[in-house]
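In TrEMBL this protein carries:
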DOMAIN    24-213  domain 'Na+/H+ antiporter NhaC-like C-terminal'
DOMAIN    238-424  domain 'Na+/H+ antiporter NhaC-like C-terminal'
TRANSMEM  7-27  transmembrane segment
TRANSMEM  33-50  transmembrane segment
TRANSMEM  71-91  transmembrane segment
TRANSMEM  111-130  transmembrane segment
TRANSMEM  142-167  transmembrane segment
TRANSMEM  197-216  transmembrane segment
TRANSMEM  223-243  transmembrane segment
TRANSMEM  249-275  transmembrane segment
TRANSMEM  287-306  transmembrane segment
TRANSMEM  326-349  transmembrane segment
TRANSMEM  370-396  transmembrane segment
TRANSMEM  402-424  transmembrane segment
Amino acid sequence: MSKNKGRLIGLTPLILFLVLFVGTGLITGDFDNMPLLVAFFISAGYALLLNKEGEKLSITKKIDMFMKGGGEPTIVLLVVIFLLAGAFYSVNDAMGAVESTVNFGLTILPTNFILPGIFAIGCIISFAMGTSMGTVTALAPIAVGVADQTGISIALALGVVVGGAMFGDNLSFVSDTTIAATRTQGVELRDKFKMNFLIVLPAVIVTLIILMFIPINTAAIDVGTYSLVNILPYIGVIISALIGLNVMVVLVIGIGIGSIVGLIGGSFTVIELLGFIQRGMGWMQNLAIIAMIIGGIVELMKHYGGIDYLLNKVTANIKSKKGGEFGIAMLVSLIDIATANNTISIITAGPLAKDISKEYDIDPRRTASLLDIFSASFQGFIPYGGQLLVAAGIGAISPVKIMPFTIYPILLFVFGSLAIILGIPNFKNKAEDSFAETDENIENIK
């Protein structure tokens, strides 16, 4: 258990954001009335006014701390991915790749398989890449095009993409969350995968069934012509993703192929191409700023003891094995809500989850699975997480509108909870600690 019990005041910047955002939405009946960026700016200003107990830092030092959090490597990576995703969408939309890919898909897929097909492709790509962000950036433009052509809700189409993306984020052998979960609990990747897969399989099946029965107005479908050459950027993206290239490399490849095809085909000139790249990056600038502000706020909350407060409060009343499992699930979920980063939430909650597992004899494979499942569930649902932000940016809608349609992340939470209640799956053989020094492994992940 953490020796530092933390302070509730350290969580108040997040609480203020939720009050502003949710409160305004409930009062006005429209959550778009309080822009995310404005709400986070107000919360950041409030966070800079706080002080740790017995400490009075100057505003300059607190701003430095805020900037350190906003410039943290994972945040900078997220910002670059946002900008590249915008450029990828803009260039390939301008040269006809999105339209051709959508029309090709609508030509070969039966109507009731369109949404399940998007979800299944998302699952495959994310499992191969190990990153939900890369999957969302690759598939979201296609989903938006499908929505435009079929008359279905853009929010629904993007929710399906996010769901498929979170499947691989949770299960992939090369996902940073999987590596973090297994390393903090000292289990092998394959052992965690078996346990995790059995828990999430019902969620996948139910998601596919729900998507198959969502009605699509066939009369609204207007299938146009397509060019196989124009589909090349997406073929390049999918192939490079499946062979495991870094998400930034995948996006650069997509932009490069789209640019070459567009220039050769006369879709745009070199000068126009540069303008389209700038246009796409401009679409995502707002989201990039939000990501940096969230990073700064989280850094201040950590300093003020907000995260330690969560750790201690959640674990204070655990009395049984089942209570321990729910405690682990709640712990990683709340930290993900606070940090909007499921990898960081697993790394933060991991050591304490390992202590709980030992105390209540919880299979470490199960603990690793619960950490990954519940963090993925909330990461794919919160409107200020990277996945919904980039999807919303590409779809030019509020991320709040996508939330009700994140079917798979919601079912991930439901079936994860049922697994705890029913005590399934229950493997007879016990997993042994595969890593001698867990603390050292955590540092390696960081």
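Here the Cβ of each residue, glycine as well, is placed from N, Cα and C on the backbone.
The listed stretches are 33-50, 71-91, 111-130, 370-396; of these, 33-50 has the most Cβ pairs under 8 Å to the transmembrane segment (287-306). Computed over the domain 'Na+/H+ antiporter NhaC-like C-terminal' (24-213), the whole-number mean pLDDT of the model equals 89. With pairs at least 6 apart in sequence, the transmembrane segment (249-275) and the transmembrane segment (71-91) have 3 or more Cβ pairs within the 8 Å limit; the two touch. Beyond its flanks by at least six residues, the transmembrane segment (326-349) meets 11, 14, 74, 169, 176-177, 180-181, 184, 294, 298, 301, 306-307, 310-311, 314-315, 318, 356-357, 362, 367, 370-379, 382, 384-386, 416-417, 420, 442, 445-446 of its own chain at Cβ-Cβ distances under 8 Å. Scored on C-beta pairs under 8 angstroms, the neighbour of the transmembrane segment (142-167) with the top count among 7-27, 197-216, 370-396 is 370-396. Long-range Cβ contacts of the transmembrane segment (7-27) within its own chain (Cβ-Cβ under 8 Å, at least 6 residues beyond either end) map to 33-34, 36, 39-40, 42-44, 46-47, 50, 52-53, 297, 300-310, 337-338, 400.
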